[in-house]
Amino acid sequence: MGNKHLGPDRGERRPFVAHAVRALAIPIVLFWVGAAVAASLLVPKLDGVTKQHAGPMVPLDAPSQRAMLHIGEKFQESTSTSLAYILLETEGRILGDADHKYYDELIRLLDADKQHVQFIMNMWGKPITAAGSQSPDNKAAYVMLRLVGDIGEAAANESTIALRKTVQNTLERTPPPPGLKVYVSGAAPLSADLLDAGDKSMKRVLLFTIAVIIIMLVLVYRSISCVLLILITVAFEFTVSNGIVSFFVVHNIIGISTFATSMVESLIIAAGTDYGIFLLGRYHEARNAGEDRDRAFYTTFHGVSHVILGSGLTIAGACLCLGFARLGYFNTMGPACAIAMLVTVAAALTLGPALLAIASKFGLLDLRPTRGQSRGWRRVGTIVVRWPKPVLVASSAAVLVGAVFLPSYRVSYNERAFQPVDTPANAGFMASDRHFAGGKLNSEMLLIESDHDMRNPADFISLDHIAKTIFHTPGIAQVQGITRPEGRPMERASIANILAGQGSSSGQQLPFTENQVADLDNQVAVMDHTISIMQTILGLMDQMTQLTHDMVWTMEEMKALADQVEINISAVDDFLRPIKNYYYWEPHCADIPICWMGRSMFDSMDSIDGMTALTAEALASMQVMDQLLPRMLAQTRMALSDMTIMRGMMVKSRGTQALNTYTAADDANDMIDIGQDFDDSRNDDLFYAPKYIFSNTDFQVALRFLVSPDGTAARFIINHDGEALSPEGVAHVNAIEKAAYEGLKGTSLAGAKIYLGGSASNYRDIEQYVKSDLLIAAIASFTLIFVIMLIITRSLIAAFTIIGTVAFSFSGAFGLGILIWQHIVGLSLHWMVLPLTFILLVAVGSDYNLLLIARMKEELHGGIQTGIIRSVGSTGGVVTAAGLVFAFTMLSMVPNDLRAISQVGSIICVGLLLDTLIVRSFIVPAIARILGPWFWWPRIVRWRPAHTSNAALTSASKGA
């Protein structure tokens, strides 16, 4: 058969490339030895380079990343996107003062590390915000830190390592209080642990892969020399490819990631082994056909080189299409895998044939002739040719068994579930879950940016309205903002509490009011006593008025009598004047008793005039008094009447004031109760922050954390109710944004800008990028693969068949992956599994179909049906061996600690098994048989072979 493939005249041809490779076999081997040595000695190891040059997995221009960067810039706290949390947990007791002191010392040390820590949101260290960072059971608390570096890149990983080192040194230097545990967790530590877990498991997976390949090769060939040829080729491919990829990464030409490194190594080993099997398989086929070693080499190179080249370009091209993706997970993997595949193809087309040429000269690769396997595959080809439609239906049904599970596909964004449960970050998340809601360490950060200073009561009402609208959105557990720094409505910050404050003020005045009422009682009593006294005085005054009136009458009588006496005395005085003069002239009258008596008598008579004058004056005064006393009596009666009226009014006022006092006391108690009830109910209606609160010292602390220094931006920390990194959590992000926009409508902040970042926001962007990246990569890879297939097969229908069948087999493989991982293991598929497995399965699966169709094309001279039987028979063993080796190589990724890589490897394994055992063996030949000549359109092909000479027919019959 081998002679026939080249033709009687072509059998002696020596293609230039094949001849050059055979002639320069030793220099080619030495070149690859030198390249491997250079790659080992001059270039750093790829795993170390991966750690040092890891880049951000999500583009910094993604909405969530832009939001985090803008928040850091607005608050003047950070220039990166990495978030980490330090969680404190106590066992068997609640957090106390000793824990706070230990925490304060830890914060002091971290704050001094400006090289790795840009900002510490020390809310637990401040009384006004502490409750929002402490668990409801008071057994756990946390603090958020913004680290140097963007999440996923080397700087962020270094910052995480430094953070953990500081915590560990603090624990060793200063033993924590009994029962206190400290965890470092969050998005940045989780990403760092992902890199560390991938690095630790990479060597184990590599050894496991090599062991699987050796076992598979030994089972296939049972020849040490054949196994060594493939292993040596793969070893050189692996070493040089890793070195070249590392070189490009070190010089910042391409990016790298843990996933890219794992996939590069697996692809090199699997593809390199496949190409070695292709070479040996065709060589053994030629030798079994009776060709000598020299001719078998050329037959092998002629029959396989274009397949290897097409296969390598297909895989490299498909991987390179991932470079168009925006996610770092993909665009770091694409170029790295493409470069590795190109190096592998170059080695497979030079080193592999060179080793084959050297080893074949010594007969090291010759196996015992066997046709049993070929005959078995010919029977398969015969069955397909005889009953193509039933075979197509049955084989398609087998693939569709897996496709049945596609509708149940559920994507997972929870990176915690895809790395070991004992990683430090996972330990912190589990500790958080024991005390907080599931999304506490995977919170969202919302920024409201206005064009004016929002530190005023009106804008705070609007901010609280936004917080309230978001909090009432389904799936939200807590909203922490300036109007609710503890994560719940702020106490004493509502209209009800303002009324309660007024009621409290009134209540404080009640004792004074009650004392005034008591004073009124005393005043009434004093007034009663005064009225009684005045009534007595009024009676006495009445008597005195009457007595005065009588005295005036008596004194008038006395004055008349005195006037008469004065007249009479004047007459006597005039008569006795001579005698009177004697008494006054006598100088010694005082010594003469009778003289002194006479003088005294005459002096008394003279005083009658004065007494009469005084009586007249007294009478005048008494007459005036007699006139005044009635008037005084009238006025006193009026005063008594007024006092009596005043007393009545005072009694009435006292009753009214007492009633008001009792009512005010009830009203004050009611208002206080209303305010307390609002606080107890944690109702978020009627929010109001009075102006004086902005000068409060404690409130200033909350302002520093939650309002930008210029007052134009305020942030909210939003916690999910349940797992944030889930499809439901990602869906919450859209709801949060919608609620924020609705909350701004018609308020004083209408038109403000909204920025939203955080864990679920990040994966919302990833979800959107995955859709667009998958679409771009799929279109580009399909186009590229189709073009390559078209060039090699020179048939539109054949090229379409290759693309369509591998896409069809992918649906079955992915469905079986859903069955295994989601329904049996209980772990949803990682979000990057779908795009990666799709691109790689389409590319790798095309190789085996390409090898089969390329062989069909060579066998067309025998007729379509005969060509199908011959191609299935001749390639069946080789493709099956290659497919099984590639499949189990991918399966060896399952022990990887990163379960996402395990899922990718297992689904690719299932897809390759489907493609190798069903699609390539049954579906593609059945389609070729059903379509007949149309399968090769626009090329003209006959159902039956063209007429030739009898000798040629006889030779063809023998060959068949």
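Any Cβ shown, glycine's included, is placed from N, Cα and C.
Residues or ranges marked as domain 'Membrane transport protein MMPL' by TrEMBL: 58-391 (among others).
Residues annotated as domain 'Membrane transport protein MMPL' in TrEMBL: 615-946 (among others).
Marked as transmembrane segment by TrEMBL: 20-43 (among others). With a cut-off of 8 Å between Cβ atoms, the residues of this chain six or more beyond the transmembrane segment (20-43) that come close are 235-236, 239-240, 242-244, 246-247, 250, 297-298, 301, 347, 349-351, 353-355, 357-358.
Among residues of the same chain six or more beyond the transmembrane segment (205-221), those with a C-beta under 8 A of the stretch's C-beta atoms are 227, 230-231, 234, 262, 265-266, 269, 273, 277, 280, 367, 881, 884-885, 888-889, 891-893, 895-896. Residues or ranges marked as transmembrane segment in TrEMBL: 205-221 (among others).
The transmembrane segment annotation in TrEMBL covers 227-250 (among others). If one looks beyond the transmembrane segment (227-250) by at least 6 residues along the same chain, the residues whose Cβ comes under 8 Å of a Cβ in the stretch are 32-33, 35-36, 38-40, 42-46, 49-50, 53, 213-214, 217-218, 221, 256, 264-265, 268-269, 272-273, 275-277, 280, 335-336, 339-340, 343-344, 347-348, 351-352, 355-356, 359, 364-365.
Residues annotated as transmembrane segment in TrEMBL: 262-283 (among others).
Nonlocal intrachain contacts for the transmembrane segment (303-325), taken as residues 6+ away from its ends with a CB within less than 8 angstroms of a stretch CB, comprise 5, 17-18, 267, 271, 274-275, 278-279, 282, 331, 333-335, 337-339, 341-342, 344-345, 348-349, 353, 769, 773, 776-777, 780-781, 784-785, 788-789, 791-792, 835, 839-840, 842-844, 846-847, 850-851, 854-855, 858. Residues annotated as transmembrane segment in TrEMBL: 303-325 (among others).
According to TrEMBL, the feature transmembrane segment maps to 337-359 (among others).
Residues or ranges marked as transmembrane segment in TrEMBL: 774-792 (among others).
Sequence annotations record features per position, and here TrEMBL assigns transmembrane segment to 798-821 (among others). With a threshold of 8 Å between CB atoms, the same-chain residues lying at least 6 positions outside the transmembrane segment (798-821) that come near it are 396, 398-406, 408-409, 782, 785-786, 789-790, 827-829, 833-834, 837-838, 841-842, 845-846, 849-850, 853, 903, 906-908, 910-911, 914-915, 918-919, 923-924, 927-928, 935-936.
Note on the transmembrane segment (833-854): residues 263, 267, 270-271, 274, 278, 306-307, 310-311, 314-315, 317-319, 321-322, 325, 330, 333, 411, 770, 773-774, 777-778, 781-782, 785, 789, 792-793, 798, 801-803, 805-807, 809-810, 813-814, 817, 871-872, 875, 878-879, 882-883, 886, 900, 903-904, 907-908, 911-912, 915-916, 919-920, 924-925, 928 of its chain, located 6 or more positions outside it, place their CB under 8 angstroms from a CB of the stretch. TrEMBL lists 833-854 (among others) with the feature transmembrane segment.
According to TrEMBL, the feature transmembrane segment maps to 874-894 (among others). Long-range Cβ contacts of the transmembrane segment (874-894) within its own chain (Cβ-Cβ under 8 Å, at least 6 residues beyond either end) map to 1, 205, 208-209, 212-213, 216-217, 220, 262, 266, 269-271, 273-274, 277-278, 281-282, 285, 373-374, 376-377, 380-381, 844, 848, 851-852, 855, 901-902, 904-906, 908-910, 912-913, 915-917, 920-921.
The transmembrane segment annotation in TrEMBL covers 906-928 (among others).
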